[in-house]
Amino acid sequence: MAAAVVGVSLRRGVPARFLRAGLRPVRGLEAVHGICRGAQTAAAATSRIKKFSIYRWDPDKPGDKPRMQTYEVDLNKCGPMVLDALIKIKNELDSTLTFRRSCREGICGSCAMNIAGGNTLACTKKIDPDLSKTTKIYPLPHMYVVKDLVPDLSNFYAQYKSIEPYLKKKDESKQGKEQYLQSIEDRQKLDGLYECILCACCSTSCPSYWWNGDKYLGPAVLMQAYRWMIDSRDDYTEERLAQLQDPFSLYRCHTIMNCTRTCPKGLNPGKAIAEIKKMMATYKEKAAAA
């Protein structure tokens, strides 16, 4: 009865008027369905082969030299991100391929690498659908390589540790007894700074850091230094500035701005460094007048 009201038979979607008239169902509909199914099957069967040229080097192999190795991946059977392709290659094509990865959602920074000429996160970088182009993947530039796509971040983390990235209070009598509260306005000053995930994409895209990586702290670390300098709960702003007075730690920045262009979180390390330089000028004036 319900089918009659709607005017459509529940059997194969045939209009009810044909059934009431005693007419046979139109077989053309079945033919159309068959054609559609065939087209879908043919489309699925057509492979979309994408080539990935990946940096390889294994220090545990005597005489092994850095080289590029090409892998082919069917994009119809792969997720949309470069990290999906790397995982597929490791799981199905070459288990020796080595890279870092963890969260797969742009939060941890583990999968930072150089993809198609730019530093970014493999988990948030979409695969270029142009099958005629080979996607080239390298470890982060100008860093020692542990193996394949794994850079040695020891110096980077040592520099981060050197800025003492935590709250420092001159009066610690209330430590552990109550919260150090902030106003909404003071808290908002930290926006665009605290979101840094320390992936090192910005620092390793900076020519100044390539040239003076042992002395220049680099954009990532300097942005974090600024984050603690302007935190209203911190009492060591002047001491933090004094730590950066030498010619290299801060002043090797020449506002090339590669750092801001490449940041996968959309942050602006170059602006943070400029703000530190402004604070440094005021600090030096105070020190000279004292």
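The backbone N, Cα and C atoms fix where each Cβ goes, glycine too.
On a predicted model such as this, the values are computed, not experimentally measured, just so you know.
What Swiss-Prot records for this protein:
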type	residues	note
BINDING	Cys103, Cys108, Cys111, Cys123	[2Fe-2S] cluster binding site
BINDING	Cys196, Cys199, Cys202, Cys263	[4Fe-4S] cluster binding site
BINDING	Cys206, Cys253, Cys259	[3Fe-4S] cluster binding site
BINDING	Trp211	ubiquinone binding site
DOMAIN	50-143	domain '2Fe-2S ferredoxin-type'
DOMAIN	186-216	domain '4Fe-4S ferredoxin-type'
TRANSIT	1-38	transit peptide
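Here the features listed in Swiss-Prot are placed on the structure.
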residue : record                        : DSSP (3 states)
Cys103  : [2Fe-2S] cluster binding site : coil
Cys108  : [2Fe-2S] cluster binding site : coil
Cys123  : [2Fe-2S] cluster binding site : coil
Cys196  : [4Fe-4S] cluster binding site : coil
Cys206  : [3Fe-4S] cluster binding site : coil
Cys253  : [3Fe-4S] cluster binding site : coil
Cys259  : [3Fe-4S] cluster binding site : helix
Nearest of the binding-site residues (Cys111, Cys123, Cys199, Trp211) to Cys259 ([3Fe-4S] cluster binding site), judged by Cα-Cα distance: Cys199
[4Fe-4S] cluster site shell beyond Cys196, Cys199, Cys202, Cys263, criterion: Cβ within 8 Å of Cβ centroid: Gly109, Ile197, Leu198, Ala200, Cys201, Ser203, Pro219, Ala220, Met223, Cys259, Thr262, Pro264, Lys265, Leu267, Pro269
Sparsest-packed of the listed binding-site residues (Cys108, Cys199, Cys259, Cys263) - C-beta count within 10 angstroms: Cys108
Other CB atoms within 10 A, centred on Cys206 ([3Fe-4S] cluster binding site): 28
Proximal but sequence-remote residues of the same chain as Cys202 ([4Fe-4S] cluster binding site) (Cβ under 8 Å, at least 6 apart): Asn119, Gly218, Pro219, Ala220, Met223, Asn258, Cys259, Thr260, Thr262, Cys263, Leu267, Pro269
Mean per-residue pLDDT computed across the domain '2Fe-2S ferredoxin-type' (50-143): 98
